[in-house]
């Protein structure tokens, strides 16, 4: 499918379903380093803010998940249990539980308050690389190096469906805001949209050439999909039309599956880590780089945006091992 930016992309893209569009939009963000979180002993793999805004969870190659205070970066607790490195962690909608994906071929469901592992989800035949809850948080989705996507029931820990999704490792999986659709990305160069109830593939987004898809995510309102590919490119798709609306470049991403994000608490930005040790922030509309955050000493593998405040968390690989919290006053 052609990925030339369609003419109607000049129309403003409303990302969030809330009615806060009338806010004064700042010219540029002005994120500055607030604090550095030290605790992991190997590469950090993922950072995620809890939906209630209170906590930050980080996962690492050290097999641990650490919970931190979202605003002050204060160490809260460590979750132990995986046998091999963890690639991803995700929160339930009520911020009470976490799911983690590990090279030990399992996912674990955690009770955050007690720090206990509630269930271990077994069924993948290779590394589990990515995971997410659906909005009601009764289902978990996972993607693996076994090239499948699995849908799990939280209550029982049973696998409900296995989607023979891709012909290479699955790099990312995400539910839309209603929980009716799933998006998956893979090293096979494809981004696929699935019906969550039936497990049917509804659409495949195909790029001009087929660079590996390293990350995918629905926009907050579910109308768009953000994809990252290992040719130093992020793209915003109107997936119902199969059209690429925006392309974001300037960062470095050819090797790692780096998390990207929509920032909607101030202006409308796209935020991503990069292999040149920086966090990049683009204006969603104009595609201009509006800020680069400097401070990490290795690849920034993950960047997360706080649900209500102008806060970004970033995490870096093994020459750094830290998480940084960045704050903007507008």
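Positions of Cβ are set from backbone N, Cα and C atoms, glycine also.
The compositional bias 'Basic and acidic residues' annotation in Swiss-Prot covers 1-10. The compositional bias 'Low complexity' annotation in Swiss-Prot covers 11-23. Marked as region 'Disordered' by Swiss-Prot: 1-26. Taken from Swiss-Prot, the feature repeat 'WD 1' covers 39-78. Annotation comment: Swiss-Prot describes 81-122 as repeat 'WD 2'. The repeat 'WD 3' feature in Swiss-Prot is assigned to 124-164. Residues or ranges marked as repeat 'WD 5' by Swiss-Prot: 208-249. Per Swiss-Prot, the feature repeat 'WD 6' maps to 252-292. What Swiss-Prot lists as repeat 'WD 7' is 295-330. Annotation source Swiss-Prot lists motif 'DDB1-binding motif' at 188-192.
The recorded stretches the repeat 'WD 7' (295-330) and the repeat 'WD 3' (124-164) do not share 3+ CB pairs below 8 A when only pairs 6 or more apart in sequence are counted, and are therefore not in contact. Remote same-chain residues near the repeat 'WD 1' (39-78) are listed as 84-95, 98, 100, 102, 110, 112, 115, 259, 298, 301-309, 311, 313-318, 320-323, 325 (criterion: CB distance under 8 Å, separation of at least six residues from the stretch ends).
Residues of the same chain lying 6 or more positions beyond the ends of the repeat 'WD 3' (124-164) and with a Cβ under 8 Å from any Cβ of it are 87-94, 97, 99-103, 105-107, 109, 170-175, 177-179, 182, 184, 186, 194, 196, 199, 201, 257. Away from its own ends, the motif 'DDB1-binding motif' (188-192) comes close to residues 165-168, 201, 203-207, 209-213, 216, 225, 227, 229, 237 of its chain (Cβ-Cβ under 8 Å, at least six residues beyond either end). DSSP states for the repeat 'WD 5' (208-249), grouped as helix (H, G, I), strand (E, B) and coil, give 0 helix, 24 strand, 18 coil. Per DSSP, the motif 'DDB1-binding motif' (188-192) is made up of 0 helix, 3 strand, 2 coil. In this model, the repeat 'WD 5' (208-249) carries an average pLDDT of 97.
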